[in-house]
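**Q** Can you read through this structure? Questions will come right after.
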Amino acid sequence: MAEPDIVQDPEHGAPEDALLLPVTEEHPNSDRCQTLRKLSHIRLYKKRWFILIVVCLLNSSNAMIIIGSWLNMTGSIVRSASEINFLNSGRSNLIYLFVGQSICAVAQPLVLFVPAKLAAVWFPEHQRATANMIASMSNPFGIFLANLLSPVIASQEKYIPLLHGVYGIPAVIACILATAGVNEKAPLTPPSISAVNSATEPFFTGLKQLMKNRAYIILMICFGSGLGIFTAFSAFLEQILCFNGYSNFIAGLCGALFIVFGAIGALLCGLYVDRTKKFTEVVKICFALTSLTVIAFAVASNLKNIAPLLVVICSLIGFFGFAIYPIAMELAVECSYPVGEGSSTGLAFISGQVQGLIFMVVFQSLTKPYAVSPLSSCGMNQTEIYDWSMATLVMAGICSIGACIFIIFFHTDYKRLKAEAGTEEERPEDALVQE
């Protein structure tokens with residue numbers, strides 16, 4: 001049997017006692033032999049945590065790493081220009097504001113599609129769900145910080161320029177870190193077996209495969225409905241609660257705890273899934289519990305003087321609902337492998353954005369206008385307020401239908417894990433090198 005060659009890592013030097021598989025029984029240029037050569041030396045790089053931090057900064061400031069970072073920073077700077085006096089004449093400040101916000105919006109898809117790809121390419125299989133969770137939850141965490149800091153910093157109109165400057169800081173830092181430190185799309189040596197063949201499918205070929213994948217279509221539609229419900233819930237929470245006299249403080253507290261407990265739920269479920277690989281079970285349980293809590297909110301939000309109960313319900317919606325997001329992204333990759341992670345997760349996210357837009361239009365059309373009541377807290381200068389009782393019940397119904405469809409009809413094999421397990425048997429046990 002021929003002696004195996006030793007592969008030199010041009011960036012990190014010689015591997016640490018890494019073994020290569022001798023391949024003599026097949027033609028040396030066969031696809032299997034070439035794949036086994038790549039798998040024979042698997043390395044974990046500390047740099048994966050640096051790239052994760054950059055993605056988190058981008059996600060939090062924005063609520064493809066380098067293009068997105070430049071677009072995000074440019075948009076933040078242009079947006080801040082709306083507060084510079086000598087640049088503004090007439091309504092030009094609104095032009096700067098809209099142009100800057102539009103540039104940031106263009107950057108958003110490039111940033112939000114990154115977590116699953118980052119986790120697949122840079123992290124080993126026992127850390128993928130956790131990495132995806134951290135990168136994904138940084139976006140709602142950025143929204144939480146914005147809601148927390150805005151009233152504190154901009155307590156008066158004269159402090160709005162300072163507010164724009166503060167919000168531009170994460171975008172600038174992320175751009176600098178991404179440009180200076182993220183100089184490769186993947187590590188020289190893969191951290192896992194599936195990372196070797198990550199995103200090898202052409203985009204349109206992968207898209208065709210996704211449209212023929214029954215499990216993926218169910219996941220895309222049901223996850224998209226859940227994401228759309230959460231988008232509408234976050235946008236309309238204050239309007240829903242003020243009709244029955246709940247103050248902006250209560251609405252803000254519900255929104256803040258919605259995100260905080262969501263991050264806790266995502267963290268706990270992400271760590272659990274990394275250890276157990278029970279993607280489907282966790283998503284189904286969380287989906288069912290989320291629908292129950294949304295039903296509870298639809299009932300409780302139409303009652304008066306139960307603020308503590310509403311706070312608890314919103315916290316539970318966040319805890320169970322946000323836990324679905326990163327794990328569903330990993331599940332989308334598992335059920336559609338070997339389609340690229342960007343395609344499978346991106347299409348599911350787009351489904352959520354489209355459904356969110358539809359839901360927001362539908363829910364608003366279901367509201368009923370009423371004359372301003374002394375019991376309402378919806379604002380002093382409004383001529384009418386809106387009853388959201390029908391809209392919240394429809395919201396709960398859609399969430400429940402989506403949960404039932406997913407729980408009953410979604411079944412899949414974990415194709416990526418299965419492929420890794422099959423190749424793992426042919427790889428030396430000590431071929432993994434960790435920095």
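Cβ coordinates come from backbone N, Cα and C, glycine included.
From TrEMBL, here are the annotated features:
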- 49-73: transmembrane segment (TRANSMEM)
- 93-114: transmembrane segment (TRANSMEM)
- 134-153: transmembrane segment (TRANSMEM)
- 159-182: transmembrane segment (TRANSMEM)
- 214-435: domain 'Major facilitator superfamily (MFS) profile' (DOMAIN)
- 215-237: transmembrane segment (TRANSMEM)
- 249-273: transmembrane segment (TRANSMEM)
- 282-300: transmembrane segment (TRANSMEM)
- 306-325: transmembrane segment (TRANSMEM)
- 386-410: transmembrane segment (TRANSMEM)
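In terms of burial and nearby residues, how do these features look in this structure?
**A** Beyond the transmembrane segment (215-237), the same-chain residues lying 6 or more positions past its ends with a Cβ under 8 Å from any Cβ of the stretch are 143, 251, 254-255, 258, 287, 290, 294, 314, 317, 321, 324-325, 328, 331-332, 335-336, 344, 347-360, 363-364, 388, 391, 395, 398-399, 401-403, 405-406, 409-412.
Among residues of the same chain six or more beyond the transmembrane segment (249-273), those with a C-beta under 8 A of the stretch's C-beta atoms are 129-130, 132-134, 136-137, 140-141, 143-144, 147-148, 234, 237-238, 241-242, 279, 282, 286, 307, 310-311, 314-323, 325-327, 330.
Within the same chain, residues 136-137, 140, 223, 226-227, 230, 233, 237, 241, 246, 250, 253-255, 257-266, 268-270, 282-283, 286-287, 289-290, 293-294, 296-297, 300 sit at least 6 positions outside the transmembrane segment (306-325) and bring their C-beta atoms closer than 8 Å to a C-beta of that stretch.
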**Q** Taking every residue in the domain 'Major facilitator superfamily (MFS) profile' (214-435), what is their average pLDDT?
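**A** For the domain 'Major facilitator superfamily (MFS) profile' (214-435), the model's average pLDDT rounds to 86.
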